[in-house]
């Protein structure tokens with residue numbers, strides 16, 4: 001028996017050697033080459049955007065210098081006086097849509113902010129689209145709407161008997177009401193968004209004075225960025241998206257993805273593009289791409305910020321990232337041919353949308369992060385015959401990381417944590433991206449991102465604090481624990497048999513996977 005036990009490992013080792021040289025080594029070398037190629041593509045894209053951003057600031061290509069945006073002024077001093085109704089005619093009719101679904105903790109935020117916008121009361125309609133399934137919450141929202149209506153605000157509370165199309169379906173149904181025909185523009189805010197009173201005064205002029213502009217997008221500002229380390233990581237990623245990606249798209253091609261909220265659309269442009277469609281989980285990006293292909297221009301206002309809330313639980317954040325990664329990949333699959341054959345936009349804009357906007361940022365950016373740093377690099381430790389050039393695993397990633405940090409300078413000291421966290425999240429983003437490209441599994445899964453508002457503060461007052469307890473099934477993430485074990489094994493192998501080049505990175509990444517795997521990330525909400 002002892003002899004047989006000794007022979008088995010030798011047989012396994014012999015089989016491994018027979019397979020490794022002709023099969024595993026060539027495949028791993030091919031994987032390294034593919035990852036290096038994708039890394040170069042990502043590197044070039046980051047450098048390109050940084051150069052454009054520097055040019056925008058150096059040459060003053062701000063929206064207010066490129067487009068006319070004179071303030072809209074009424075003839076009378078008191079714009080809300082019924083006797084001066086004609087004076088308000090200079091102000092276009094604006095519809096404000098607030099889609100919500102069981103938003104118990106935050107529904108008052110957006111309703112109150114929308115009703116407090118500085119705009120003539122007879123030239124704005126607030127439309128609350130309530131898809132809530134909880135009757136108690138529906139009643140609370142309706143009561144809040146009636147409260148504002150009693151103050152003279154033109155507010156409409158709209159419900160439907162199904163949730164077909166989810167958010168896209170609610171927005172589409174909202175546009176069918178008769179009173180919408182009188183509106184020229186529509187501003188959209190999710191339930192946790194709180195625009196400042198001057199939001200319409202700063203966005204509508206771009207649309208009024210520039211008939212070729214379809215969309216004005218504002219930047220998100222996060223009220224709970226300091227809640228936990230996970231929200232700080234999100235702030236870094238989203239600040240880069242807004243300060244760099246959106247700014248570059250707006251400045252170079254007058255095109256970028258609509259963020260689904262904190263933006264104002266020209267209704268005629270929406271209708272020309274085909275309106276809201278629910279074929280993917282990114283109805284906002286879908287509409288933006290279709291409108292862009294019709295020749296419409298978009299403007300991003302980086303200095304106009306709208307307060308919002310980041311998901312602070314890991315479960316909510318993971319669902320959000322699945323939707324944000326799966327949707328664009330699926331939309332790319334559906335629209336690639338349509339974009340390539342479009343006749344209304346220039347060749348350079350088509351290349352930008354296909355290559356820069358979709359391929360590099362929405363697909364390659366997710367895949368290379370996970371495959372290269374969480375699969376291929378550890379595998380080369382186990383198979384020393386395959387080497388990665390230093391420029392591929394040191395220089396390019398370092399430069400890309402530094403360029404990513406320009407969005408949030410205040411979090412520069414968290415850069416290492418951000419890299420490790422993003423590598424973990426790339427696992428879920430890659431999985432979602434492949435689901436979207438292949439159109440399988442959870443491709444159209446829509447889960448509303450949970451926002452806590454002040455709920456946790458109310459549940460956990462300082463004087464009666466109890467350690468939150470969670471069910472073990474809610475906390476443990478088996479996939480992350482599996483990768484933690486894999487990376488830890490590779491790190492130990494590198495120290496014992498390799499050159500030790502990667503061991504520090506592998507152990508740090510393994511620890512990060514483990515921490516997230518056991519659920520100690522984000523805000524823990526007690527049951």
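From the backbone N, Cα and C atoms, a Cβ is placed for every residue, glycine too.
From a predicted model like this one, the values you see are computed outputs, not experimental measurements.
As annotated in Swiss-Prot, transmembrane segment covers the listed stretch 505-525 rather than the other ranges in 442-462, 505-525. Cross-referencing 342-362, 363-383 with Swiss-Prot places the feature transmembrane segment at 363-383.
When the ranges 310-330, 478-498 are checked against Swiss-Prot, the one recorded as transmembrane segment is 478-498. Feature annotation (Swiss-Prot): of 14-36, 37-59, the stretch labelled transmembrane segment is 37-59. As annotated in Swiss-Prot, transmembrane segment covers the listed stretch 399-419 rather than the other ranges in 273-293, 399-419. Note on the transmembrane segment (478-498): residues 374, 378-379, 381-382, 384, 424, 427, 506-507, 509-511, 513-514, 516-518 of its chain, located 6 or more positions outside it, place their CB under 8 angstroms from a CB of the stretch.
Contact between the transmembrane segment (363-383) and the transmembrane segment (399-419) is absent: fewer than three CB pairs lie under 8 Å, with pairs separated by 6 or more positions in sequence.
In terms of C-alpha distance, the listed recorded positions 190, 192, 284 place 190 closest to residue 131 (active site). Taking Cβ pairs closer than 8 Å, the transmembrane segment (399-419) reaches residues 42-43, 46-47, 49-50, 53, 229, 232-233, 235-237, 239-244, 508 in its own chain, all 6 or more past its ends. Under 8 Å, Cβ to Cβ, and six or more positions away along its own chain, residue 190 (substrate binding site) finds 98, 99, 100, 110, 260, 261, 308. Cα spacing between residue 284 (active site) and residue 192 (substrate binding site): 17 Å, rounded to the nearest whole number.
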